[in-house]
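Comments concern the structure below.
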Amino acid sequence: MSEKFDVIVIGAGPAGYVAAIRAAQLGLKTACVDAFVGKDGKQALGGTCLNVGCIPSKALLDSSKQYYNIAHNLPVHGITVEGAKVDLGTFIGRKDKIVKQFTGGIGQLFKANKVTAFFGKGKLLKGNDVEITGNDGSKQTISATNVILASGSVPIELPFAKFDNKFIVDNAGALDFTEVPKRLGVIGAGVIGLELGSVWKRLGSDVTVLEALPDFLSVADADIAKIAAKEFAKMGLNIKLGAKLTKAEIKGNEVALTYEDKDGAHELTVDKLLVAVGRRAYTDGLLAADTGVKLDERGRIVVDEHNHTGVNGVWAIGDAVRGPMLAHKGSEEGVAVAEWIAGKAGHINLDTVPWVIYTEPEIAWAGKTEKQLKDEGVPYKVGTFPFAAIGRAVAMNEAIGQVKMLAHAETDRILGVHMVGPGVSELIAECVVAMEFKGSSEDLARIVHAHPTLSEAVHEAALSVDKRAIHKGN
Ligand code: FAD
Ligand code: NAD
């Protein structure tokens, strides 16, 4: 007889492992099945985010920022450092150590919460059994009342630029270069292209980013994207818009690219090519043919607003389902589903999920862009405030960017907040809280913000919605 659980989670990324821990906290007998193999060939919990995504990219972004600042920021403070060098082994090694610390930490959390971890590929069978195939080919079947599918996503591969993981790489490859590429090509000026492109640019690569769309960062508010584009250009990221890659050929130790833009075809030769053109839901081998779980036209598992698949006891969360492909979105879905399974009132509001791009300057937003409000015919007011007028930002020599707040023209309810500038990855949290509580710009305008802090930019942007910012003309 197969071992029986209350809940089996397939996938131990930020969606799955959080769902498993919350389910166990609620007294449910829980198992989590994951197939991810770490750099050392052993099971590594944490999925994309902890192994080859959020955490390692932020580790490299931080290390590269320290190095970049030596030449580009410290001299303004009267500090000069001669002969600064990067030891890439230590640089990558630090990242690997952080990854290990966090992936290992999940194993400990599983033990502490009595989640049983299985290592192998899980397949949902009809009737909520899960077949697990180990790396050695061995098979076992476990069963549960509820199964949560959290199989995540994988990079999209271009047919004419297939990953060889030496010269043409995905995110995992670009986190593990053994030397700084002299010339790095990046396909896609999206989140990964900008973050990882920044890492290698700061270490000295000549980075060219080819973006197929004519507009830069069209998911963000246009004003914010415009400021960011200017800063990235100053930093030396060469971003070519409306540029479609048509061919990538590995020739010796180089990659020869052909791309087309409005002026015709162009050639470009690089030492490494990072392809970051988006990710697709990963469901390969996840579902037996007769489970009844449906996929949509983009291969995502179809779920309702409670992340239920419509098949009794089968739920799905994270990158494998609709909504933004963000770790915190998947984690919150995981908590909500565990609570729904336990008969409690779970909650997830996709309208207030914050986005953060960890470049320099950082970009962050929550809610609607100005264009979305215009397209939807929603009447709105705009308040903005530049970091150039924020004492703390100037003291930090990081007085770049602005906070832009959009509020309903009649009710004053905050509909969107968009930021580019120092520390905005943290500032956005205040706005998400306000939006979640259906707050108004007036609410934020009346809250005391410490001086001198970066958060004063949020305060002043809220005041500016009503044309009463203090430290700028209205
Ligand atoms: P995943 O993290 O992809 O985890 C799914 C897990 O399931 C994997 O371990 C996989 O091996 C396993 N699995 C799949 N199928 C099976 C199966 N059949 N059986 C067993 N196991 C299976 N998001 C942010 O919010 N902030 C960031 O800063 C950020 N940075 C990123 C940087 C990069 C370079 C990348 C690539 C992504 C980044 N993301 C970031 C996105 C984030 O990583 C994903 O949104 C998040 O990991 C999705 O979580 P998940 O649990 O749904 O899936
Ligand atoms: P993305 O969707 O952010 O960006 C892909 C870009 O590639 C788009 O601008 C798209 O227009 C462009 N593109 C698509 N096909 C192209 C082609 N053939 N030639 C040139 N450009 C092309 O995707 P991504 O950067 O691969 O990241 C995937 C997802 O991972 C993100 O959308 C995000 O959900 C998640 N992520 C989040 C963070 C974060 O939260 N900080 C960081 C990294 C990744």
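We number each residue from 1, going along the chain as drawn.
Cβ coordinates come from backbone N, Cα and C, glycine included.
No curator has checked TrEMBL annotations; they are predicted automatically.
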With Gly188, Ala189, Gly190, Val191, Ile192, Gly193, Leu194, Glu195, Glu211 listed by TrEMBL as binding NAD(+), identify the candidate in Gly120, Gly278, Gly285 belonging to that site.
Gly278
If you have TrEMBL open, could you say which of Cys32, Cys54 makes the disulfide with Cys49?
Cys54
Cys49, Gly190, Glu211 screened against Ala327 (FAD binding site), Cα within 10 Å - retained recorded positions:
Cys49
Near the Cβ of His328 (FAD binding site), how many other Cβ atoms are there if near means within 10 Å?
17
Most distant Cα pair in Å, residues Lys58, Gly122, Asp319, Met325, Leu326, Ala327, His328 binding FAD:
30
Rounded to an integer, what is the Cα-Cα distance in Å between Ile192 (NAD(+) binding site) and Cys54 (disulfide bond)?
10
What does DSSP call Glu211 (NAD(+) binding site) in the simple three-state scheme?
coil
Rounded to the nearest Å - Cα separation of His451 (active site, proton acceptor) and Lys58 (FAD binding site):
28
